[in-house]
Amino acid sequence: MNSSTFEVLWGVNNIYSVVEVNTNTVYEGVIKGKFLNTREKEYSPLVPGDFVCGDIYDEHKVYIKERMERRNVFWRYNKKVALRQVIVSNIDNILIVSSATLPEFKNSFIDRTLIVAEEQGITPIILVNKVDEGINLRVDSFIKIYEYLGYRVIKTSVVTLQGIDEVKKIIKNSRTSFIGQSGVGKSSLINVIDLNASQAINEISYKYARGRHTTVYAVAFHSDNKILIDTPGIKEFGIEGLGYLELKYYFKEFKYFNDLCRFNSCLHINEPNCFVISQIGFKIAEARYNSYLKIFSELKRYKSYAREIFGKN
């Protein structure tokens, strides 16, 4: 058997589509044995973007022996199994797609995805899609907030093609994943950005989604010196796997103020002489601070729950 390095494109029911790095030949891969050489229990042992070592044992089949170290992972917390669920790995950019109209623009979803991107060193870009249908004052105010923080925000439309060329420039020669809630138009965007990628992703989704043209599995596609990864629409984006004491480091607007509080251990909740709190409504948007409080409460509550139920520290 010949050993080689492969990249995972997608996987369904423990069968993976992998592409050999040196030849770009696609194989069907299965994990040899029960588990990979991972250090801890994982919900997603292999995801699109992973690199693996394996043995070719048939013309089109591979035994996957080892997962190589991940440069980064984009994850969310899976409440059903009480574990981090890795969605994609080894990416440069995460395109966070939201809608200017319907479904409703949810800043709470965006804030959580930004936190994971900050934690993992992934460049986040916010796409406000369907702008041809109009942008209300609430959405416009959040666009200004995120731009003020230094995040790149692109207004897009598959109808007028606004912002599409800008997105194409970003993803050129890079590894990029799309993420967003159901109905925000991720698949439609990919369709106008790269038709070949869209068709390939749709074929896989249609085959394994019982005839529905909707993304049900994360799927990677190589095209013109870039890698695009589409992901299923997400209803909830929990980040309970993150420690609540760390949260303040992933809110960009706190970065220059964390050391100006009276106490080094200040969590910016109700401590005296908290400089962060003094900046609410000035350098810090009230909506973002309220988001911080909500997420902080969720993480702290989960910490107590995990300690009681699972004995986790």
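Note that Cβ sites are derived from N, Cα and C of the backbone, with glycine treated the same way.
As given in Swiss-Prot:
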| type | residues | note |
| --- | --- | --- |
| DOMAIN | 80-237 | domain 'CP-type G' |
| BINDING | N129, K130, V131, D132, G180, Q181, S182, G183, V184, G185, K186, S187, S188 | GTP binding site |
| BINDING | C261, C266, H268, C274 | Zn(2+) binding site |
C-beta crowding around V184 (GTP binding site), within 10 angstroms: 27
Shortest C-alpha distance to S188 (GTP binding site) - which of the binding-site residues C261, C266, H268, C274: H268
Pairwise CA distance, K186 (GTP binding site) versus H268 (Zn(2+) binding site), rounded so that it is a whole Å: 35
Binding-site residues compared (V131, K186, S188, C261, C266) - the one with the fewest other Cβ atoms within 10 Å: S188
Rounded inter-Cα distance in Å - N129 (GTP binding site), C266 (Zn(2+) binding site): 37
Spatially closest candidate among V131, G180, S182, V184, the listed binding-site residues, to H268 (Zn(2+) binding site) (Cα to Cα): G180
Of G180, S182, H268, C274 (the binding-site residues), the residue whose Cβ has the fewest other Cβ atoms within 10 Å: S182
